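Presented below is the structure to which this report refers.
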Amino acid sequence: MNLPERSRFVIYAVGIFVCYFLYGIVQEKLTRGRYGEEVQTDGSVGERFTYALALVWVQCLCNYVFAKVLLTIRPQKEDTTNAGSYVACSLTYLLAMVSTNMAMRWVPYPTAVVGKSAKPIPVMILGVLIGRKSYSWTRYACVLTIVLGVILFMYKEGKVSNLPAETTLLGEVLLFLSLSMDGLTGAVQERIRAASAPSGQQMMRAMNFWSTLMLGVAMVFTGEAKEFMYFTIRHPEAWTHLSLIAVCGVLGQFFIFLMVASFGPLACSVVTTTRKFFTVLCSVLLFGNVLIARQWLGAVLVFAALFVDMLYGKKAPLATAKKPPVEGKLSEEKKLNS
């Protein structure tokens with residue numbers, strides 16, 4: 001059954017929201033909980049899970065297996081995408097993730113809020129410059145309004161940074177690197193979509209295959225693979241949390257790649273950026289927390305921009321609409337001449 005485009009968009013977006021909401025809860029239990037009864041050097045009881053590379057590696061491996069099984073059960077036409085494109089996409093994706101995790105420890109709170117919320121901007125800019133994508137002016141305005149609205153909604157007064165200037169500068173450089181890598185990932189995905197139009201499952205399988213290999217090599221060289229293995233032997237109960245994270249992450253990434261394959265990386269970036277906004281807004285509505293005027297303004301901006309984008313944002317410029325037939329004609333002429 002072929003669902004209308006807007007229905008599919010809503011289903012994918014809700015799937016991303018729900019899966020990563022549960023993912024965040026379980027991840028916090030894993031990374032902030034303690035395992036065992038041993039007394040540590042700082043006097044605390046129990047070990048913490050500190051294996052960031054291993055956590056992402058387990059996730060990527062499970063994502064790859066899930067996509068591989070889906071494609072085995074329901075085979076699709078061959079994916080003709082160049083392997084180098086997937087390698088580049090996987091590398092920029094992993095660099096963005098690592099840079100973000102490191103930057104958030106070394107940037108002041110306001111910078112962190114802006115950095116987390118501004119992801120659609122480099123995705124849009126580099127999608128135009130490298131991915132050869134074109135957007136209407138309405139979509140540019142809507143995306144910028146959504147980013148501004150999320151920043152206004154999520155920002156909290158009274159958080160003061162005590163970080164030294166050198167550390168802050170390093171964090172800002174890492175944050176810029178993270179946003180640049182996000183933009184490059186989106187641009188490469190746009191090129192892949194334009195060149196070979198793989199399905200969401202095919203993109204998920206290929207990107208997670210290369211990500212698993214890269215992370216595996218990094219874990220071996222850093223020694224984290226051995227430390228992670230010993231930790232899980234000492235505390236096998238950690239596998240319960242890891243398994244739950246894997247399930248939530250697999251389903252969440254499945255919806256993400258369906259979104260990227262059907263609507264492009266910019267639409268996916270907007271959905272993942274507004275995810276935290278909708279999570280906080282739901283908690284406000286459910287538990288009766290009070291919003292201040294600035295947060296109400298941010299909420300109005302986000303909803304207004306999403307509504308306008310839904311109505312008008314997908315109308316491409318005239319030049320873009322005429323481009324595919326021209327390219328098709330040129331390729332036909334090349335075939336005839338050859």
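Here the Cβ of each residue, glycine as well, is placed from N, Cα and C on the backbone.
Within the set 34-38, 189-193, 324-328, 334-338, the record from Swiss-Prot flags 334-338 under the feature motif 'Di-lysine motif'. The transmembrane segment (9-29) and the transmembrane segment (244-264) are in contact, since at least 3 Cβ pairs between them lie under 8 Å (pairs 6 or more apart in sequence).
If you look at the transmembrane segment (213-233) against the transmembrane segment (284-304), you find fewer than three C-beta pairs under 8 angstroms, all six or more positions apart, and that falls short of contact.
Of the candidate ranges 53-73, 84-104, 168-188, 244-264, 284-304, 284-304 has the most C-beta pairs within less than 8 angstroms of the transmembrane segment (135-155). Using the rule of three or more Cβ pairs under 8 Å, pairs at least 6 apart in sequence, the transmembrane segment (168-188) is not in contact with the transmembrane segment (244-264). Nonlocal intrachain contacts for the transmembrane segment (84-104), taken as residues 6+ away from its ends with a CB within less than 8 angstroms of a stretch CB, comprise 52, 56, 112, 115, 171-172, 174-175, 177-179, 181-182, 184-185, 188-189, 191-192, 195, 203, 206-211, 214-215.
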